[in-house]
Structures are given as C-alpha cells and as structure tokens.
Amino acid sequence: MKKINFARHVLPHIVAIAAFLLVTVVFFSPFFFDNKVLSQYDIQQWEGSSKTLRDYREATGQEGLWADNMFSGMPAYLVNVHWSNYPITVLKKALSLGLAHPYANIFIAFISYYIMLLAFRVRPYLAIGAALAFGLSSYMIVGLAAGHNGRIGAIAFMPLVIAGIHLAYSGRRLLGFGLSTAAIALELKENHLQVTFYLMLIVLLYGVVQFIFALREKRIAGFLTATSLLILAAVIAAGTFIGQLWGVTEQSTYSIRGKSDLAAPSSQGASGLTREYAFDASNGIWEPFMMLMPNFYGGSAANYLVSDRKSEVYQALARSGDEQAANQLANFTSGYWGPQSYTVPYYAGATIIFLFAVGLAFADRKYIWWLVPTAILGIMLSWGSSFGAFNYFLFDHVPGFNKFRSVTFALTITLFTLPLLGVLGVEKLLETGLDKVAKKKLLIAFGATGGLCLLLLLFAGAFSFTRAGEEQLPSWFTGALIDDRKSLFRSDAFRSLAFIAALFIMLYFAVWKKVPAAFYAFVAIMIVFDVSLVDRRYFTKDNYVRKRETTAPEMTPADQAIRRDTSYYRVYNIQPGAFTSEARTALYHYSVGGYHGAKLRRYQDLYDSCLSQQTVALIQGIRAGDLNFQPYGVINMLNIKYMVYGQQANQIIPNEQTNGPAWFVRDVKKTNSPAEELATLCDTDTKTTAVVNTAAVTVPEFGYDSAATISIVTHKPPYLKYQSHSAQNGLAVFSEIYYPKGWRAFIDGQETTILQVNYVLRALAVPAGDHTIEFRYEPAPYRVGNKVMMASTWLTVLVLLGSLGWSLREHPRVKAEA
C-alpha cells in the first residue's frame, strides 16, 4: 500500500470543504447569525396542502396518503409521504455535514460538483472555483428563494451521478458502480422527475460519445462491462424510489399531465399537458445571453426602475406633474424588456463563460464532443415555443416530454456543462504550458468572450429596449425607460468585460510564470464575487423573516367564524385566482381549491366547464339579492358549505343547501361519453339526480326512500366511515373525489364496487336496511412499493460501503495532483 501524503492527498479536500462551508455560511448569514429563515412562497403553500397529512402522521404514526384538504382530495405522493428509504436521507444529511434544509442543497451542489471534477482528474484547488460557480449560479439561488427545494436538490446531485458514471468508464468500475448507485438514489429521492429527465439527456449524450471513442480505440469490451454495471446500479437505485415512481406515474395518468377524457383520441393535448401550458414559460432566442450578461434583457421582470430615484424614468414621472398618471405608468417601469411575462436571469458568470471558451480551445476532444452539444441542447430546449419546430416535435414524439412545463430551466443542462468544460480546458493548459499555439488559442478565447462584451457595449444602440405594447405609452415616458434599460445593458456589458479581462490576464501569467497556486485562489475569489454579486440583485435580506414569523399564519376572523362549525364540509375561496394559486385555505379547512402542479385532470375539467361558471352566476345572483344555492348543483355536490372572499367574518357566504358529505339520489341521468356526462352535470340538480357515463359505469337498479339517511361518522385522510338507513335499495353519492386506484369500499365489512358518477364523485349501491359503509385507501404503490424500497435502500448502502472499502484497499490515494 502506497503511503498517503497529507499535504497532497488530504489537505486540498479539507480546504475545499472549509471553503464550501465558509461560502454557504456567509451567503446565508441571516440564517446562521440572525435567527432568520427564508420566506419561500412554495413552502408556505406546502404547509397548507400537507396539513392534514402531517397531523395524521403525528397522531397515528402512519401515512395519510390522500390529501383530503386540497382540491376536494387527491393522492399525496407529490404532497407529503414518508417512505422506507430513510437511510438515503441519512446519506444526504452526512453529505451536507448536517447543515439545515434547504441551505444544505447549495452546499451539496458544491460538494457534488467538486467530487465530479476529481473524477475527471481535475486538480482539487482548481475544482473548488468551478464547484462554487455551479452552486452559486443565479438559478440555484433564485430557485431556493422561491421554495423550489426539490428541484434545487435534484440539480445539486446531478454532478454526483456523472461522477460515478465517469469513474466506471475510466477504469474505476467498482467505485463508479457504488457511487452511481448511491448518487442515483439521492437524485431520485428529491422526487423531481423533470430534472432527472434532463440528467438522463446529459448521460445519454455522454454514453454516445463514450461508445464512439470505445469503438475507435477498440475498448468495446470495457465499455460494455462498465455499461452493464451502471445499468445494474440504476436498477438498484430505482428500487429505492419504486413506490414513489409507481405512485407518481399512476397519478400522472389521471392528472392534468395525463390523457384527457374529453379530448378526441387524435387531438393535440390528448395525452399530457397542452402545448400552450407546457411552453407558457419559454426563453426568447436571445435570452441565453443572460448567462453572460444578467441585464442583457434588463434583469428580473420584478425589477421596477421607478424604485430608483436617480433613474431617468423616475425623474420623468416626477416632472410630469400628473400624480395619477404617474402612478399608473409606474406599473410599466420594469427593467425587463424580453418576451416573457416574468423571468429572472440564469446567470452563469462572465468568468465561467470565458473559461468555457478556454475549454473549447484546450480540452480533450471527447469532452468537447460531449459537453458542447449538451450545452446547445439545453439552450434549444429552453427556447420552448420560440423554437417550435424542434420542441413541438419532441413534445409530440418523445416519451415523457409532454409531462413537463417551465422549460426555461432546461438551461440548467447548459449551466452544468459550462464550468466542467472550462476547468477541463484550464487543466489541460496548465499541463501543456503556454507555447506559441496555446497563446494564440488563449487570445482567441478572450477575444470571443471579451470581444463580444465589447461589441455589445459599443453597439448597445442597435437594440430597441422596448417590449410589445409599450409603443402605446407616452413618448416622453418610453424615452426615459429606454435610457434606463440601455444604461443597465451597457453597465453589465462593461462589468462582464472587466471580469473576463481580469481572469484572462491572471490565467495568462499563471501559466507563463508557473504560479498556479495563486491562480487557484484568484479564480475561486473572482468566481464567488462574479456570481454572488449578481445573486444579491435578486436574493437579499428581504428574502428572510424571523423564525417566529414562519409559523402557520394566524386564523383570520373569517377562519375563526367558519371553524365554529365542527361538521364535515368544504370551504371555497372565491377570490380572483385563488382556486389554483393558494393553499392557505387548506391550512385550516377542507378546501375546494389548492396549489399543485399535478391536480386531477377531471377535477380541473369540472372547474373549467361547470364550477367556475356556477361561481360567477352565483356571485351575480348574490349581488342582486338572490341567496338561493339550489340551481348550483356542482357547488352543492362538493359539500361547499362556506364561500369566503376576504379575511373578515362578514366576508363569508354560507350555503345551507349543500348536499352534505353523502346523500341518496332519486334517479340517474344516463350519458354515453365523459364529455356528455360533464355537459349534463352542469345543469343537473345533483341533490336528487346522479349523472352517469353508461359507456364506463353500470348502475344497478335501485329505489328511493325519501326518509333515508346517510351520515359521516369518521373522516381521516385514508379512511371514511358512514352510517346509512334506507327502507329500499338505494344509490348513495359521496362528496369525495373518485380515484380508480387504491380506494376500496366496504358495506358491513363486505367489499363492494365503487361507481364513478357526476364526472368526479363516488357512488355505492347500498342495500336496504341499516349499514356501516367504509372507504379505505390502500394504494399498491405504498403497500407493495414501500417494501421494495426498504430492501433496495439497504442494498444501496451495502453497495456504496463495499465499493468504497474496496477502492480504499486498492487505491489508497487520490490520483489528481495538487
């Protein structure tokens, strides 16, 4: 066994970890030193949507599995479920050195990228700067501020997966096998399949290039061996996620990301999201330039120039003398002039763009052939509808592609590649030295990036700096607005040029004078300053609140008034946009609305076709003094007992005509398709009549007892219990959402068939007499998948520990030279 040199083989890694910790602590200093935490909108909504699930777990120690307080009920796989893969969580905690969530995700991004660069034989001190660039890219920071914790966590583990794969193809097969198994498990644990899909694209292109070079170099046997091990690693890792994947895949079939029951089989959008919805957020063709210059399009759409008293637009408004007009025009002072309604720049760093150009000049061809097409692919995907010929084809033909939206963040693929190719190029340059050819290449890299910034600085006037619709604004106002936007553009062009020039000069002399040690520190410091100063434009102390302020928001007078009613009912927040954009209502009530990207498609259909129209008609009637709810069958069948339109106790509309939790109907309206069923439902008195699609559901003969009763006894997320009494066989309708997978119904302990009626509800044929009716949610993805996950998780741990132990025995020191 070779002796380990502490200074060369241990110290660099200690320095790296210390640097990552220092940057994490300083960047998020309000949390570490001021007792503050991030105020994350998505997490605030999650607190509401997961409330009953967390309460049920705390009370019983079991999983609720069904989110009954949001959208009248939906599977909880993408809301809050604890699975039996806890050792993977422990592994993440160990990798993050116990740092608090979600700040740990950024530290993990540093560590993950650093490990990947070591796998590519990049010297540790050089790897530190690139790892910092990846973790501090503005997308990571802004995403964290918004509460996209799962997305950022999944991105953070992408480099670790690539590290394992590259080790396997580089001869360290056992270590690569173990690391890949654990890394893929960690990646999947974050449960963000869109990020995982983008990671698969990176891996696919890597594999293609490896295969080409294996053929050329006659290493096909080794390639196949490594590939076989990696497939096995993926299978084992997938086992740690199988229950979640099973459940999410199953749910997607019935969610807005699945097939529509209303669309014709050949129509666009019949399966998955519609093009319009999927590509609603698409980058403009020139927006990727924001990776070089964050203010290329004026920065964040939320950056209102009027907030700066020194701005031209502020001065122009102040001089206008019309306060009312000035207040109105202030809404049009966004610095952003690009094609999107809202965006924040995905800034990679001018320093990183320059290093990427260095990589193009010096890195090995096999890395260029992999990383350059991958970077371009990320840009093309982020263009979305701006490059429809390409993206619409993928949307229509590539499996899984039509399940995702917000395609702008496909740029994370590009952001992943930029530092990697950059440091691979620098590593090669440091190895070969600065001969005449190398000097020319380095100058070309500088000219391509710094020269571009200089051209943009000199010819800024060639751009319009206006967006659609602004031509209707007063010319004195738009002139000032253009001046401010042009100033932002030029200042960032100069800023990027300065950073590129400084790094070019340092790199040139570091290679020429052989002083790489100072260069490493300079690179790390410059990168941190470059990207973090831009991060601070969009991520400030205002993103934090005191810890005590993050507890559940206090109940409003309206909440308190409603909760005096202890029966089982639902609340409908009818404020504009609230149906799909807030889950605060779900924090204290069983809500008709919610906040989730995978709500059930039929429920969305119901809202679009019936509920929204009935809501508008009801409000118009109430304003006219008509408080009769009887004509609004959809509102009544969802057990909506209270409608709320504000925070005060007098801003509640009670509904005494709701159908309640369950009821017996007198008759059935038969239809022949889902579309006909939904159209019929909108005009049906649901208290007396059920609507059935007879092409899918057969309703047995039943009678009607006007004195029949059915009442709810117990309601928990995965369990509902009722007592019924009827002199005749009857058809009972329940105000619970029909979901074909996992729910089972029992009458006096005997299982019976759940019928789908009223497009979204459940019904049972109930025999005459007194009966106990139960619904139990026992989904196979959790019941079976959880056991597989437990076994696979422990196998993953054994594989990782075994491969690490064997690697340390065979390779006691890191081969990368310090």
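FYI, residue positions are counted from 1 along the chain as it appears here.
Each Cβ is built from the backbone N, Cα and C atoms, and glycine gets one as well.
Non-local neighbours of the transmembrane segment (12-33) in the same chain are 97, 99-100, 103, 106-107, 110-111, 114, 123-125, 127-128, 131-132, 135-136, 524, 528, 532, 535, 541, 544, 814, 818; each lies 6+ residues outside the stretch with a CB under 8 Å from one of its CB atoms. Marked as transmembrane segment by TrEMBL: 12-33 (among others).
With a cut-off of 8 Å between Cβ atoms, the residues of this chain six or more beyond the transmembrane segment (102-120) that come close are 16-17, 20-21, 23-24, 27-28, 31, 38, 40, 92-93, 95-96, 126-128, 130-132, 134-136, 140-141, 144, 149, 152-153, 155-160, 162-164, 166-167, 170, 419-420, 423-424, 814, 816. Residues or ranges marked as transmembrane segment by TrEMBL: 102-120 (among others).
For 126-145 (among others), the entry in TrEMBL reads transmembrane segment.
Residues or ranges marked as transmembrane segment by TrEMBL: 152-169 (among others).
Annotated transmembrane segment per TrEMBL: 195-215 (among others), in sequence order.
Look at TrEMBL and you will find 222-246 (among others) tagged as transmembrane segment.
Residues or ranges marked as transmembrane segment in TrEMBL: 344-363 (among others).
According to TrEMBL, the transmembrane segment annotation covers 370-395 (among others).
Annotation source TrEMBL lists transmembrane segment at 407-430 (among others).
Taken from TrEMBL, the feature transmembrane segment covers 442-465 (among others). Packing against the transmembrane segment (442-465) from elsewhere in the chain are residues 292-293, 296, 298, 337, 350, 353-354, 357-358, 360-361, 429, 434, 481-482, 485-486, 489-490, 493-494, 496-497, 500-501, 504, 507-508: each is 6 or more residues past its ends and has a CB under 8 Å from a CB in it.
With a cut-off of 8 Å between Cβ atoms, the residues of this chain six or more beyond the transmembrane segment (493-510) that come close are 292-293, 349-351, 353-355, 358, 426, 429-430, 434, 442, 445-446, 449-450, 453-454, 456-457, 460, 516, 518-519, 522-523, 526, 530. Look at TrEMBL and you will find 493-510 (among others) tagged as transmembrane segment.
Annotation comment: TrEMBL describes 517-534 (among others) as transmembrane segment.
The transmembrane segment (126-145) makes no contact with the transmembrane segment (222-246), as judged by fewer than three Cβ pairs under 8 Å among residues 6 or more apart in sequence. Across 222-246, 407-430, 517-534, the stretch most heavily in contact with the transmembrane segment (344-363), judged by Cβ pairs under 8 Å, is 407-430.
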